[in-house]
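Data first, discussion second: the structure below is written as structure tokens.
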Amino acid sequence: MAAKGGTVKAASGFNAAEDAQTLRKAMKGLGTDEDAIISVLAYRSTAQRQEIRTAYKSTIGRDLLDDLKSELSGNFEQVILGMMTPTVLYDVQELRRAMKGAGTDEGCLIEILASRTPEEIRRINQTYQLQYGRSLEDDIRSDTSFMFQRVLVSLSAGGRDEGNYLDDALVRQDAQDLYEAGEKKWGTDEVKFLTVLCSRNRNHLLHVFDEYKRISQKDIEQSIKSETSGSFEDALLAIVKCMRNKSAYFAERLYKSMKGLGTDDNTLIRVMVSRAEIDMMDIRANFKRLYGKSLYSFIKGDTSGDYRKVLLILCGGDD
């Protein structure tokens, strides 16, 4: 069985004040010692990085984030700043970035809201309100529309049942309702899909997907693809994928961020930073299984310089 869990672990023999001095030295005077910055920050846990930031302020009298911002640039800066941000706040900042200014990064909104646990969603809501003085839901409403808006608002409520409880009658009813809302009739009753996919617990949904296949002879994903479209379709598919296998969902997000011409660096950075301590080993295993190549080799071929160095450390090894 492949190793599970994260690739970034808390460093043993950790000394925040020493790390703070190393970082200051790396940025003081002319030029920047990027390797020294990487050697400290890429090998510490998120919690340890917060301690380093505090030690930096108390022993040097400067803000580490401000110094990093002025010394670094481009994708390397973005990945380092992401690593320096507490987990929930990082999600909150990404959600805000996805909606700020012209255009919307729908993929980012879907990825975060479909993959985080109800508890994480609740913390995201609180932090968003504190950070920006308005609710996440209000921003979603002003930035999106129609069924896509409704599915995001529903996910952002964090109201999914977290139990394991299975009611066979309800499983059959949900599967039948989904069938009747889509495949069985002309036109689609989108609200039914939303209700079932956004509120039921994972165990229940996995049984609903099996029952749905039995009744309709189709995977629920196939039906979603043929019955819905656009960002609403993307959101429903993300929910189903996260329920079936969350690590495989992230492997696909990473694959799509790098395949073909150009790189979607925002997605690549966000997934690598936010999953490094949670399930990067599982993501790697799924990546290899789905695409026949290692995540490591993909990152190596698609990025360069210090940016590549950090991502490869977060990846944690070749498969």
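From the backbone N, Cα and C atoms, a Cβ is placed for every residue, glycine too.
Per Swiss-Prot, the phosphothreonine annotation among the candidates Thr7, Thr22, Thr46 falls on Thr7. The separation of Lys213 (N6-acetyllysine) from Lys300 (N6-acetyllysine), Cα to Cα, is 39 Å. Separation of the C-alpha atoms of Ser12 (phosphoserine) and Lys293 (N6-acetyllysine): 32 Å, rounded to the nearest whole number. The average pLDDT computed for the repeat 'Annexin 3' (169-241) is 94.
Local packing around the Cβ, expressed as the count of other Cβ atoms within 10 angstroms, is greatest for Thr7 among the modified residues Thr7, Ser12. A gap of 18 Å separates the Cα atoms of Thr7 (phosphothreonine) and Lys293 (N6-acetyllysine).
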